[in-house]
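What follows is a single structure, written as structure tokens, with notes after it.
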Amino acid sequence: MSTSNAGIASTGVRRWVFWPAAVIIAAFVGWTLIFQEQSAEVISTIQTNVIGAFGWYYVLIVSGFVAFALWVGASRYGDIKLGKDDDEPEFSLMSWFALLFAAGMGIGLVFWGAAEPLSHFASPPPGTLAGEANEAQRAMTQTFLHWGLHAWSIYVVVGLGIAYAVHRKGRPISIRWALEPLFGEKRVSGGWGNLIDVIALVGTLFGVATSLGLGVLQISSGLEHENIVEATEMTQVMLIVAITALTILSVVSGVEKGMKWLSNANLVIAALLLVVVLFAGPTLFVLREFVQSIGHYLQNVVGMSFNTFALRGDEGEKWQSAWSTFYWGWWISWAPFVGVFIARVSKGRTVRQFVGGVLIVPTLVTFLWFSVMGGSSLYRELFGKGGLVGAGGTVDVNNVLFELLGDLPGGPALVFGALILVAVFFITSADSGAMVMSMISSGGETSPKTWIRVFWAVSAALIAIALLRGDGLTTIQTVAILTAVPFSVVMILMAWSCGLAFHREHAAMVRFERQQFGAAVAERVHDSVQDSVDERLENWEEKIRTGSVPAVDASGASAGASVSGPGTSAGVSRSVPRNGGPSPSA
């Protein structure tokens with residue numbers, strides 16, 4: 001049985017991956033919905049006492065992932081191709097960049113675009129220099145840290161390992177095969193591989209559910225902002241059910257082309273929204289802030305990357321848990337989904353092209369998005385009419401975007417466009433997430449059965465509903481951080497495995513080149529010696545033919561050639577043997 005279908009049941013799933021993950025999900029959903037008060041208390045305890053303990057760990061490993069991505073892209077391994085040696089990229093450079101951006105451009109970017117810089121401005125990170133200008137600049141730089149190189153380096157680790165396994169080694173699309181260089185084929189195709197895929201599956205599901213929860217919070221706030229419906233818990237549940245139903249409809253009806261068109265159209269909507277806000281708002285301020293914030297980010301990124309607020313006491317620990325630790329956990333839980341996507345579209349690229357494309361282009365576009373949305377909200381608070389920061393430095397993160405858009409020319413249309421943007425991102429994220437989870441749970445099958453995709457779409461919806469009960473955002477953040485811990489260990493092993501695979505391939509390449517060089521040298525020497533021998537033989541034969549050298553008969557005597565010299569009389573000949581010895585007749 002091949003590695004691609006070993007252990008696959010007739011139902012189309014890998015039993016020891018699908019069912020353990022399904023049991024974990026069912027247990028969590030049942031626990032949170034049936035024992036609401038007890039589960040809320042446990043989650044609150046985890047938020048207070050446990051999450052803070054992971055802050056230093058996430059800071060260390062995510063900074064390590066950045067270092068790994070930069071190292072592997074600049075190293076001698078950068079020329080290794082993610083595919084066969086003669087494979088060409090499937091997408092043009094611009095199309096590839098657009099696809100990479102689409103992978104990271106989702107609900108979170110729309111949700112936090114205006115809200116996060118404003119939140120950091122209203123409640124600055126501990127240790128921020130006093131003064132509005134310093135606080136505003138630190139707010140934007142801190143946002144860049146959360147959404148820039150660190151986020152995309154996490155995707156590089158997962159995507160690079162999968163792309164190498166799938167395109168270079170011909171393995172199925174599954175997380176386990178990225179660890180084959182470290183553990184070997186036997187282990188990754190057996191129990192250890194099943195465990196790895198279960199961890200990836202559960203982490204991905206909670207990552208997708210986190211995004212869906214954020215999306216519903218924002219949609220309900222937008223509807224309330226437009227006085228359409230009140231943003232209650234029931235409204236949020238109904239929105240999840242309705243949008244999940246649309247997702248399931250797209251799955252069972254097979255309108256995949258329609259979903260792709262919808263996804264591309266949504267990117268156009270996002271671009272239009274960005275352009276309108278840029279030119280309808282404080283354009284010059286935004287552009288200046290964009291350039292200045294990039295410089296400030298590059299100047300401070302190392303120190304901020306390793307900042308754990310260790311000397312800031314409980315205040316620093318709470319801030320770290322609510323922001324940086326949450327983001328690192330969220331990106332890690334989201335990494336299998338994004339990693340699989342960018343791996344699939346990167347066939348034919350070299351390692352250096354992959355790292356450069358995934359790290360640099362999406363990061364710059366993300367910085368531009370936050371500079372426009374977040375910069376506009378900061379400008380309004382600093383130099384405009386304000387009103388986005390409430391009493392005590394509170395920010396309604398669910399509603400900031402709609403407040404900002406509503407104050408611009410054509411405000412109602414912009415708010416409506418933002419609602420459409422979030423709703424479609426909800427649908428496409430749920431659909432794509434269900435597809436990736438189905439591939440993982442079916443052993444890498446690129447066209448998994450419909451019922452599997454429906455199952456994971458419904459599971460993500462149920463988890464989103466469970467997370468929104470009580471203090472929705474806090475619960476979402478806590479669970480995202482917690483469920484990412486196991487997969488973070490897998491990611492460390494993936495980076496190790498990837499480096500090991502590249503080292504082996506490079507060593508094999510060097511050995512091959514040395515063998516080729518040695519063979520070429522040996523052939524050259526052989527040809528040179530052969531040519532020299534042939535040339536001497538030809539010269540000798542030519543001398544014999546012209547009489548320059550006497551021929552020798554069978555007895556060793558000269559065949560009548562004569563020479564004259566001292567001691568010989570005219571007409572008297574002396575035979576000269578070829579070896580220069582005395583003549584036999586002497």
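Glycine is treated like the rest: Cβ placed from N, Cα and C.
Please treat TrEMBL annotations as automatic predictions, because they have not gone through curation.
The transmembrane segment annotation in TrEMBL covers 16-34 (among others).
Marked as transmembrane segment by TrEMBL: 54-72 (among others). Same-chain neighbours of the transmembrane segment (54-72): 78, 149-150, 152-154, 156-157, 160, 305-308, 310, 317, 320-321, 324-325, 328-329, 331-332, 351, 355, 359, 481, 485, 488, 491-492, 495, 498-499, 502, counting only residues six or more beyond its ends whose CB sits under 8 Å from a CB of the stretch.
Residues annotated as transmembrane segment in TrEMBL: 93-115 (among others).
Annotation comment: TrEMBL describes 144-166 (among others) as transmembrane segment.
Long-range contacts of the transmembrane segment (195-217) within its own chain (CB-CB distance under 8 A, at least 6 residues past either end) are made by residues 14, 16-17, 20-21, 24-25, 106-108, 111, 174-176, 179, 188, 236, 239-240, 243, 330, 332-337, 398, 422-423, 425-426, 429-430, 433, 436-437, 440-441, 456, 459-461, 463-464, 467-468, 472-473, 476, 479-480, 483-484, 486-487, 490. Look at TrEMBL and you will find 195-217 (among others) tagged as transmembrane segment.
Taken from TrEMBL, the feature transmembrane segment covers 237-255 (among others).
The annotation transmembrane segment is assigned in TrEMBL to 267-287 (among others).
Remote same-chain residues near the transmembrane segment (325-342) are listed as 51-52, 54-55, 58-59, 61-62, 99-100, 103-104, 108, 146-147, 150-151, 154-155, 157-159, 161-163, 173, 175, 200-201, 203-204, 206-208, 210-211, 358, 432-433, 436-437, 439-440, 477, 480-485, 487-488, 491 (criterion: CB distance under 8 Å, separation of at least six residues from the stretch ends). For 325-342 (among others), the entry in TrEMBL reads transmembrane segment.
The transmembrane segment feature in TrEMBL is assigned to 354-372 (among others).
Annotation comment: TrEMBL describes 411-430 (among others) as transmembrane segment.
The annotation transmembrane segment is assigned in TrEMBL to 451-468 (among others).
Here the transmembrane segment (480-502) has long-range neighbours at 46, 50-51, 54, 57-58, 61, 64-65, 68, 72, 75, 77, 80, 154, 157-158, 160-161, 164, 175, 178-183, 196, 199-200, 202-203, 206-207, 210, 321, 325-326, 328-330, 332-333, 335-336, 351, meaning same-chain residues at least 6 beyond its ends whose C-beta is under 8 angstroms from one of its own. Sequence annotations record features per position, and here TrEMBL assigns transmembrane segment to 480-502 (among others).
Annotated compositional bias 'Low complexity' per TrEMBL: 548-573, in sequence order.
The region 'Disordered' annotation in TrEMBL covers 548-586.
Recorded stretches compared: 16-34, 267-287, 411-430; the one with the most Cβ pairs under 8 Å to the transmembrane segment (93-115) is 411-430.
When each of 16-34, 354-372, 411-430, 451-468 is checked for Cβ pairs under 8 Å to the transmembrane segment (267-287), 411-430 comes out on top. With pairs at least 6 apart in sequence, the transmembrane segment (144-166) and the transmembrane segment (451-468) have fewer than 3 Cβ pairs within the 8 Å limit; the two do not touch. The recorded stretches the transmembrane segment (237-255) and the transmembrane segment (16-34) do not share 3+ CB pairs below 8 A when only pairs 6 or more apart in sequence are counted, and are therefore not in contact.
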